[in-house]
Amino acid sequence: MMAVTNGVIHASSREPLFSFGVIADVQYADIPDGRSFLGVPRYYRHSISVLQRAVSTWNKQHNIKFSINFGDIIDGYCPKDKSLWAVQKVLDEFEKFDGPTYHMFGNHCLYNLPRGKLVSLLKMPTDSDRAYYDFSPCPEYRFVVLDAYDFSALGWPRDHPVTAEAMKFLEEKNPNSDKNSPDGLVGVDRRFVMFNGGVGKEQLSWLNDVLQDASARRQNVILCSHLPMDPGSASFAALMWNYDEVMAIVRQYKCVKACFAGHDHKGGHSVDSHGVHHRTLEAALECPPGTSAFGHIEVYPDKLLLVGSDKMADTEMCFEP
């Protein structure tokens, strides 16, 4: 197996409990290349090639138990009459993987299709229209997938109470007429923009119950969200609206070892004051032709090891005792 020391991969004498594939922000669209609002090039048609290479690599490794897609499966600039076609085109590539893929949606997904439709298309393992869930690939570990747009101005019908409440929240937090603009907001307050969202009260209660159960079972928990939840791991403007509330629940327990996210395309890694690792994954969308950003994570009893390809950085995440 692989290990990382100062960014150098070398053989490890231990076998992992299991491994899983990771990819974030494919944001496919059948449109010419463009740039982000920060001027970073975006390769809309090439991003699906990154996914194809990821799936091919995972299948060749034979030991990848499942994969996780961290959201934004297609881009907001995708022509709306092609949204369904584009989502299906990307999902067809995920279907070529030899194991299951667990999905979450991001803001770009919600620019294209309503929440209920996405829950169905992405085959989220829930018994309702909710987009948060948990699963346990082995007795020692549990994965918790959050819906970072549960409380959001995106994805809900315009006349839905959540939409009205979220817009009221943004009016209070962001004085700009363009609620996607963080101009004038300072520090972590820059997160109060429309392209972000938060975890609602019911989901927070569910999260508490899941972590309580995981603690009783002595499971390590890996928390997954489209939106990052630590200021050290991402741009302030990319953070979840109520990351502080989520982390307050996390800190009541000692079972959460790492939080993974997408959304902030440059990626990042931090360890918070309670020893929890936060790893924001580099985006597939911003890979020039011939380059890639995906990886797999080897899971051990006492650490996680992200083995990245190309633009996705290798990261060793050792747990505190």
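Glycine too: its Cβ is placed from the backbone N, Cα and C atoms.
Keep in mind that what you see is a predicted model, and the values were worked out from it rather than measured.
Sequence annotations record features per position, and here Swiss-Prot assigns Zn(2+) 1 binding site to ASP25, GLN27, ASP72, HIS265 based on similarity to another entry. Feature annotation from Swiss-Prot assigns Zn(2+) 2 binding site to ASP72, ASN107, HIS226, HIS263.
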Measuring Cα to Cα, tell me the gap between ASP72 (Zn(2+) 1 binding site) and HIS226 (Zn(2+) 2 binding site) in whole angstrom. 8
For GLN27 (Zn(2+) 1 binding site), the nonlocal same-chain Cβ neighbours (under 8 Å, six or more residues apart) come out as ARG42, TYR44, SER47, ASP72, ILE73, ILE74, ASP75, HIS108, ALA283, ALA284, LEU285
Fewest other Cβ within 10 angstroms of its own Cβ, chosen from the binding-site residues HIS226, HIS263, HIS265: HIS265
Cβ proximity for ASP25 (Zn(2+) 1 binding site), under 8 A, sequence spacing 6+, ordered by residue number, returns PHE70, GLY71, ASP72, GLY106, HIS108, GLY262, HIS263, HIS265, LEU281, ALA283, ALA284, LEU285, GLU286
Across all chains shown, how many C-beta atoms besides its own are within 10 angstroms of the C-beta of ASP72 (Zn(2+) 1 binding site)? 28
Taking the Cβ of ASN107 (Zn(2+) 2 binding site) as the reference point, list residues of the same chain whose Cβ is under 8 angstroms away and which are at least six residues distant in sequence. ASP72, GLY76, TYR149, LEU154, PHE195, ASN196, GLY197, HIS226, HIS263
I need the neighbours of the Zn(2+) 2 site defined by ASP72, ASN107, HIS226, HIS263. Which other residues of that chain put their C-beta within 8 angstroms of the C-beta centroid, in sequence order? ASP25, PHE70, GLY71, PHE105, GLY106, HIS108, CYS109, ALA148, PHE195, LEU227, GLY262
Note the Cβ centroid of ASP25, GLN27, ASP72, HIS265, the recorded Zn(2+) 1 site, then list each other residue of that chain whose Cβ lies within 8 Å of it, in sequence. ALA24, VAL26, SER47, GLY71, ASP75, GLY106, HIS108, GLY262, HIS263, ALA283, ALA284, LEU285, GLU286
